[in-house]
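Notes for the one structure printed next.
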Amino acid sequence: MSTKVLWASLAVLQLVVAYARHGVKTGRSVSCKEDMEYLHNGICCVKCEAGQYVQTPCTETGKKGTCEECDYGTFTEHANGLKQCIKCTQCPPDQEIVRRCSHTQDTLCQCKPGRYCHPDEACEICKKCSRCNSDEEVVKNCTSTSNTECKKRQGKSSPDADTALTAGLTLFFVVLFLGLVIFIFIFWKKKWRTADSNSFKPGYISVSKTHSTNPSTYVNIYKPQGKEETINLCESNPSSASSSQHNLTDPAEMLPWEDPNIREDVPFPTLIPKNGVESLTACFEFFEELNVDFHNRFFRKLSIEDNKIRSKDHHSHEDRIHYLLAYWVEKKGKEASLNDLLRALLDLNQRRTAETIMDNAVKKGYYELESFSLGDD
């Protein structure tokens, strides 16, 4: 009896081993060649080539389904079993395109000149390249992936000697400038005295008009005794004024800067970009001159949320401006304009800063003036 039980146990054991080796494979037990096949409904299909995607999967193991080429603006870099291609990357405003997207490669971007981003960091925004101090020299120039490297200069002269030389030259030019100012003042003073002595003769009367709300004529009368007095003749009507003018000389001409018709509210010119949004982003560095006290008010003028503004407080002064302006451009899209930024500065009474930015944008060749008018004379 024990022999029969033993043989029965061996038979069951063989059946279990055979089932484990040759039994029915489930979806989880199927193993496909990783680099060549992909799993679909429990069978291994051959992958589509790079630049393609799977339109219709296979129905037999080891076969290839229907593959289609990626549409424009999408790609697949390797053999794959994807149902759709991957969308190409769009370079941010502070980066430029190194390699355009193709069916088999994604877009390759890098920071624009003057900015960098380390390869091992997430390039949310490119950082501005550092500049070496006056007592340093450049060891390695800034690239798109590394910052400028500097080292102390190995000069022969000591810092104290350099400081003394600088102070001496500064003092020399200050004295020279003051001497020139005094010389010009004395020269013009003598010239004015000579002109006065030639014009104010006995019996000579000079008339000059000054601008006021109540027009009147001021008459300087030079008497033979050497005394001078000013008489205010109120012009009550044209007849009385004209009757007294036959004894007077012609009114002196008004100085240009006394002209009441000169307008201070000069219209701000309109700028036209030469290269679209690239011209706008190239001008971001000019906004680093904006007074720090006006930063938050300026960005609120651009309708940037307070939470967004505060989220960049940990960045440096320059990077914070560049990031928020880049965010504004992305938010506005094609409607983004340097003229809008300058109008925001004008609303904050920062006209001088706006004019400086405008001048730099035109001088650098990023923009040109559309029109500029001083108004009617």
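Glycine is no exception: its Cβ is also placed from the backbone N, Cα and C atoms.
Where the annotation comes from TrEMBL, it is an automatic prediction and has not been curated.
Candidates considered were Cys85, Cys101, Cys109. The record in TrEMBL pairs Cys91 in a disulfide bond with Cys109.
Disulfide connectivity taken from TrEMBL links Cys126 to one of Cys111, Cys129, Cys132, namely Cys111. Cys70 is paired in TrEMBL with Cys85, the candidate among Cys48, Cys85, Cys88 named as its disulfide partner. For the repeat 'TNFR-Cys' (110-150), the DSSP-based tally of helix, strand and coil residues reads 0 helix, 13 strand, 28 coil. Note: the domain 'Death' (297-361) comprises 50 helix, 0 strand, 15 coil (DSSP; helix = H, G, I, strand = E, B).
Sequence-distant contacts of the repeat 'TNFR-Cys' (110-150), counting only residues of its own chain at least 6 positions beyond either end whose CB sits under 8 Å from a CB of the stretch, comprise 92, 94-96, 98, 159, 281, 285, 316, 318-319, 322-323, 326.
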